[in-house]
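Got a structure here, written out as structure tokens. Questions coming.
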Amino acid sequence: MENESIVLVFTLSGLNETMGNRFVFFSLTAMYYPLILLCNVTIIYTILSDKKLHQPMYVFICNLCINALYGTAGFYPKFMYDLLSQHHVISYVGCLIQIFVIYSSVLCDFSTLTVMAYDRYVAICRPLEYHTVMTNQRILECILFCWLSPFFCMCVGVALTSRLTLCGSSIEKLYCENWSVVKLSCISTTVNNVIGYVIIIIYFGHAVLIFCSYIHLIGKCRKSTEGRNKFIQTCVPHLLALLNVTVALLFDVLYTRYGSKSLPQDLRNFMALEFLLVPPMLNPLIYGLNLTKLRKEVMRLFLKKRNV
């Protein structure tokens, strides 16, 4: 306990071995982050401005894109600042806020994909009851579930982390991450570990539930050509988005808890960043290109602006 101290600032050491290329990374990030913003804002604006797209499935896609803006805002501005700075530090409070924003956003992705699976199940398996089941009130309840359950989980996680007395201040990542802070604790972290694993199991359980529901939908859709077309157009993009987010988060969990320091720094950084790099860009592209209605409206929007 002799090293126990009050930590006011954390040092982020994830960039230490790549500082020679920091201007290259900054240039790439300066192009990539605005592209993420453009893709997601385009989908959001298209859905909100067209009444024909005010349907449950598109509302949930809009929610997915809003969440991407929220989550990436917790990482990219700070990361770009660090690339131009010699000192990569973050305040204790700023670190906890970054943990909350980034990981509540990831959990919100899973929650949103779960309610989207429920929506597709009702649309394909109970088409005559669809509008009776997916009322405006039900959609609102689903949206609240998408945001409130991750917020609650992360409030518990961050509160448990904030009670810990720390014996260090160096985080070997590009951003603040809950487990990295917990590992610096001078006292027992059993409660943090248990709650952390419970949250991981719950949200990977979401993914398993979605995959199982789609196996059931495949059986239903094989019986008719119309059902197969509906499945391919609306469910395949959803499965790709789910696979994208699940693999990305799995990378992060495995790297954070079991990653080896013998791996090259660049590879470790990629494994830690995969869920912040790929899903925010891939999700709007998957839905924007695959859903005919949405694709047509996006094209119409751009063509209209070009003509003006």
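Every residue gets a Cβ built from N, Cα and C, even glycine.
Annotations for this protein, taken from TrEMBL, read as follows:
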DOMAIN    39-287  domain 'G-protein coupled receptors family 1 profile'
TRANSMEM  23-45  transmembrane segment
TRANSMEM  57-77  transmembrane segment
TRANSMEM  89-118  transmembrane segment
TRANSMEM  139-160  transmembrane segment
TRANSMEM  194-218  transmembrane segment
TRANSMEM  239-258  transmembrane segment
TRANSMEM  270-290  transmembrane segment
With Cβ-Cβ distances below 8 Å as the criterion, list the same-chain residues six or more beyond the ends of the transmembrane segment (23-45) that contact it, or say none.
61-62, 65-66, 68-69, 72, 76, 79-80, 83-84, 277, 280-281, 284-285, 287-288, 294, 298, 301
I'm a bit unsure how to read this: which one of 89-118, 194-218, 270-290 has the highest number of Cβ pairs shorter than 8 Å with the transmembrane segment (139-160)?
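So the stretch in question is 89-118.
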Most CB pairs under 8 Å with the transmembrane segment (270-290): which of 57-77, 89-118, 194-218, 239-258?
239-258
Going through 57-77, 89-118, 239-258 one by one, which has the most CB pairs that fall under 8 Å from the transmembrane segment (194-218)?
89-118
Within the domain 'G-protein coupled receptors family 1 profile' (39-287), what mean pLDDT does the predicted structure show?
86
